[in-house]
């Protein structure tokens, strides 16, 4: 079975983690043979709840789980940062950024000091892109390519909307793209997506034959899906978020299937798709040997360009505000 890998999950007493931890411990992410040490972290007021979660994990009687240990960030192979300061009623985006800069600065510093230099860091807590950038800047000895943020939930939402419209399964849809920020400015792009209809692979625009839906309601539905879930459930997406984290991490670990790409928030190099350098922006990527690469050379039409620039502008503003807080924090 080999050495156990060390997996940190923050916000471990929360809703998302409640779905996520079982999937990881069951072997759905790192494989059925891979032993794990799960390191669970949450804020002090959540400790009693966390003890309950630990008891439940023990009671699942899962063969892969080894003991959990004390120094949270020590020798980590992977860190899944789910915990963040949530937005409270009447809170300005700026206040939210300030609180989160503090959290992700200290977590970045702890990763820098204790984790393996090969650690893969996945940021889920919102505002995810900017939190991820701050964590990366606070961990200068860890390659910035090792940091990514979750836009897989948006990616999965886009796939499923197309599948529902065509009466196929989500597995029949591939190569949708989420560009930009994990916020309502994100741009779900299906210009390059393919769908398997009756055994034949066709472009999504060709299959759906309804451009006004694809350029209108489809985009809005994906952008605002999180809010729609909150409105209906009175709680934010947890099951679907956990599933998306599993997809994201499994692809980092085992690579993406041949001929397919996925969406991930990663650091921009200034040379890809006209996105300014040093933004943590969601791109289409392929992954091999635990290393992602941009999918290059996709043609971008004017409609897409405008939407991609809009979300880049929002990320640039967020970054500037956050970096200001970072230097004063």
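Glycine is treated like the rest: Cβ placed from N, Cα and C.
Annotated domain 'Lactate/malate dehydrogenase N-terminal' per TrEMBL: 6-147, in sequence order.
Look at TrEMBL and you will find 42, 100, 124, 125, 126 tagged as NAD(+) binding site. Sequence-distant neighbours of residue 124 (NAD(+) binding site) (same chain, six or more apart, CB under 8 Å from its CB) are 11, 16, 80, 81, 82, 84, 149, 150, 241, 245, listed in sequence order.
The annotation substrate binding site is assigned in TrEMBL to 87, 93, 126, 157.
Residues or ranges marked as domain 'Lactate/malate dehydrogenase C-terminal' in TrEMBL: 151-325.
Under the heading active site, proton acceptor, TrEMBL lists 182. Neighbours of residue 182 (active site, proton acceptor), defined as other CB atoms within 10 A of its CB across all chains, total 29.
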- CB contacts under 8 angstroms to residue 125 (NAD(+) binding site), restricted to the same chain and 6+ apart in sequence, sorted by sequence, are 10, 11, 81, 82, 83, 84, 85, 100, 103, 104, 131
- Message: For the C-alpha pair, I'd like the distance in angstrom between residue 126 (NAD(+) binding site) and residue 157 (substrate binding site), rounded off.
- Response: 18
- Query: Under 8 Å Cβ-Cβ from residue 157 (substrate binding site), six or more apart in the same chain: what's there?
  - Reply: 188, 221, 222, 225, 240
- Query: For the binding-site residues listed here (100, 126), which one has the lowest count of neighbouring CB atoms within 10 Å of its own CB?
  - Reply: 126
- Item | Cα separation, residue 87 (substrate binding site) to residue 42 (NAD(+) binding site) (Å, whole number) | 17
- Task: Tell me the Cβ neighbour count for residue 93 (substrate binding site), meaning other Cβ atoms within 10 Å of its Cβ, over all protein chains shown.
- Result: 14
